[in-house]
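Peer 1: Have a look at the structure that comes next, please.
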Amino acid sequence: MIKQPAERVDSMENPHKGVTGVRRIWRAMGYSFDGLLVAYRGEAAFRQLVWLAMLLVPLTFVMPITRLERALLVACVLFSLVVELLNSAIEAAIDRISLERHPLSKASKDMGSAAQMISLIIIAVVWGLVLVG
């Protein structure tokens, strides 16, 4: 049985956070926007996916497909953007720790790259099935 700590610190009372409520949400949105800008400016792969999304998402609104199919097509494109953001974050964190070559650093970066490859395969498969089928 896991013992609970005698005193639990409520995350809303964390002295390191300082801001709560709507202000916290507003600041979080700002940080998220900053992250998108950093990724767009610094990561060619993310820029390419943004341009792909800007092409594919509007295309779904002129295709003769159901709303569910449209939602699925848009979701898999947005999913690929999420995976690329996570992959870039992993790479940045590893580079921050050390630029020296290390097997664990390589493995982490390779796994992030593999995740992105799988998300691109998902796009190809889902779009292919909807368009053909």
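For all residues, glycine too, the Cβ spot is worked out from N, Cα and C.
So TrEMBL has the following annotated:
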| type | residues | note |
| --- | --- | --- |
| BINDING | R24, Y31, E43, E91, E100, R101, H102, K109, D110 | ATP binding site |
| BINDING | R24, R70, E84, S113 | substrate binding site |
| BINDING | E43, E91 | divalent metal cation binding site |
| TRANSMEM | 49-66 | transmembrane segment |
| TRANSMEM | 72-94 | transmembrane segment |
| ACT_SITE | E84 | active site, proton acceptor |
| TRANSMEM | 114-132 | transmembrane segment |
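Help me see these features in their spatial surroundings.
Peer 2: Cβ neighbours within 10 Å of H102 (ATP binding site), excluding its own Cβ and spanning all shown chains: 12.
In the three-state DSSP scheme, E84 (substrate binding site) is classed as helix.
Cβ environment of E43 (ATP binding site): E84, S88 lie under 8 Å away, each six or more residues apart in the same chain. In the three-state DSSP scheme, E43 (ATP binding site) is classed as coil.
Long-range neighbours of the transmembrane segment (72-94) within the same chain, counting only residues 6 or more positions beyond its ends whose Cβ lies under 8 Å from a Cβ of the stretch, are 35-36, 39, 42-43, 45-46, 49-50, 52-53, 56-57, 60, 65, 105, 108-109, 112-113, 115-116, 118-120, 122-123, 126-127, 130.
For E84 (substrate binding site), the number of other Cβ atoms no farther than 10 Å from its own Cβ, over all displayed protein chains, is 23.
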Peer 1: Given the binding-site residues R70, E91, S113, find the one whose Cα is closest in space to the Cα of E100 (ATP binding site).
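Peer 2: Nearest by Cα distance to E100 (ATP binding site): E91.
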Peer 1: Can you grab the distance from R70 (substrate binding site) over to E91 (divalent metal cation binding site)? Cα atoms, rounded to a whole Å.
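Peer 2: Their Cα atoms are separated by 32 Å.
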Peer 1: Using DSSP and collapsing to three states, where does E100 (ATP binding site) fall: helix, strand or coil?
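Peer 2: Note: E100 (ATP binding site) is coil by DSSP, not helix or strand.
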Peer 1: I'd like to know which of these binding-site residues, R24, R70, is least surrounded, judged by other CB atoms within 10 A.
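Peer 2: Minimum Cβ neighbour count within 10 Å, taken over the binding-site residues R24, R70, occurs at R24.
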Peer 1: If you count the other Cβ atoms within 10 Å of each Cβ, which of the binding-site residues E91, E100, D110 comes out on top?
Peer 2: E91
